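Visitor: Structure in structure tokens, see below.
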């Protein structure tokens, strides 16, 4: 294989790993948007809290597995708290107002994290030790495989949840038609709460699996959240499959852009993709009717 | 135009303020309040009157600062000319970018402007040969008008606040005119505005360019006041701070932007002094917690901002009496 070829392959593989993270975060956006019609700009902070809480719990003596689970559940609880404190009181407000409120929640949460943990980056141990997987001269670290594996597992789990359980079906009902759902005895308010919890938990998992690679810091959430949002938008904002495709696309393009063009403009890639998409095809590549 | 008594009083107060201020430090804060007021007024024209959101306004502030700084440092333009050139260039760029961007609505517009802000910030950081990269651009000359050089805080103070009041008067005239009515009709209902024969697309792009020009003017004055600029102050955080100023002051009122800029600039100075005593970690941007909570509380409980709150307090006795 040529040198350039193997380099490109390496960028694509790294892109898939990061893309898996973006996909998880993007799904979080989609779940909330479908049920409540809100774009939650605080999504990235759930990612950060997941990572930070896992590190803290692990350092406090919890075994790794327990710390991960506890961090996910705590973040899901935080999601519920945000919904009750900031989202519910502004249920009927205009879109601009809701944007501003979730931005407010985002910077408040980031500030709280800054007060608790300071500005230092915290390491989380890799889930498994071992040599990187080598595919045709390109390597993926073991944690990268965990990222891909966890993403796939969650996708299967989410599909089962949304299609096989009553609760999942109730969430989908709200996404299709909230008035209809209400008439069938589904508490839309409770589903909104649940969607925030579920979405926060998903984002926490994203933050936890990425932390061994990038370390956890109080401000890791803002960029990850925005990229996840871009991924969700690329996928049309209402479909989980779209979110996954969007996440992988953004991850791979960003990795290629950073490697081939310039690493300084890495963070610009996602937004350039998004702006290009807005101008060419505003409904997203897989856009369509609401589908949870 | 009849100028209300309260504005005459405020202008007089501001003119006399330097006499009582104990040190240049406070004068510096007042200058920053003025600069932030200018940028916040621009954002207010866009958000409050035309109902369009921008999460990337720091980019226009930064472009004003950088274009003006680069023109005067690297190309030897006289500072006043480079400020004018920077404002014009930024407004033109906003106009061109605004054509596709302002076709978007709601969340799409929010994230497009946010993305624009981040891309512009990255250009400041990475186009090192032009901008000096992360280490910034230094030795920017002071503004000068003939023999009068604005090299002291006191002179800059009067200049900045004169510009603020001029900009307020301009903005006030615009929103009271036919254009302002058109903008507010877009805010209420874009479809209804179109049905009335208003070219909503063109108005939105124009007000976007105007609001970018306000921010760029603030940025240009900033560059020639501090004589040094680096990318850090023009990031996403500052875009959000401008948003907080507009929201806290009162989205629907230009003078609210000045009030909001004053409150937020002072608050962040106070918090920056206070926070290190309360938290042991080194220098961090702790004040952002308060800004976040302020945003939520104001949007939920006082969406009209402080201006509306003050107005309510002023009118309440009359309302009570009528009952």
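Glycine residues also receive a Cβ, built from the backbone N, Cα and C atoms like all the rest.
What TrEMBL records for this protein is below:
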- B:32-51: transmembrane segment (TRANSMEM)
- B:58-77: transmembrane segment (TRANSMEM)
- B:83-102: transmembrane segment (TRANSMEM)
- B:107-127: transmembrane segment (TRANSMEM)
- B:156-175: transmembrane segment (TRANSMEM)
- B:207-230: transmembrane segment (TRANSMEM)
- B:242-267: transmembrane segment (TRANSMEM)
- B:288-310: transmembrane segment (TRANSMEM)
Visitor: Quick one: find which recorded stretch in B:32-51, B:58-77, B:207-230, B:242-267 has the most Cβ pairs under 8 Å with the transmembrane segment (B:83-102).
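Guide: Counting Cβ pairs under 8 Å, the winner is B:207-230.
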Visitor: Quick one: do the transmembrane segment (B:156-175) and the transmembrane segment (B:32-51) have at least 3 Cβ pairs under 8 Å, skipping pairs fewer than 6 apart in sequence?
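Guide: These two stretches do touch.
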Visitor: When each of B:32-51, B:58-77, B:207-230 is checked against the transmembrane segment (B:242-267) for Cβ pairs under 8 Å, which one has the most?
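Guide: Comparing B:32-51, B:58-77, B:207-230: B:32-51 has the most Cβ pairs near the transmembrane segment (B:242-267).
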Visitor: Relative to the transmembrane segment (B:58-77), which of B:32-51, B:107-127, B:288-310 accounts for the most Cβ pairs at distances under 8 Å?
Guide: B:107-127
Visitor: Using a Cβ cut-off of under 8 Å, list the residues of the same chain at least 6 residues beyond the transmembrane segment (B:32-51) that approach it.
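Guide: Sequence-remote neighbours of the transmembrane segment (B:32-51) are 57, 60-61, 157, 160-161, 163-164, 167-168, 171, 174-175, 180, 183-184, 186-188, 203-204, 207-208, 210-215, 217-219, 221-222, 225, 241-243, 245-246, 249-254, 256-258, 260-262, 264-266.
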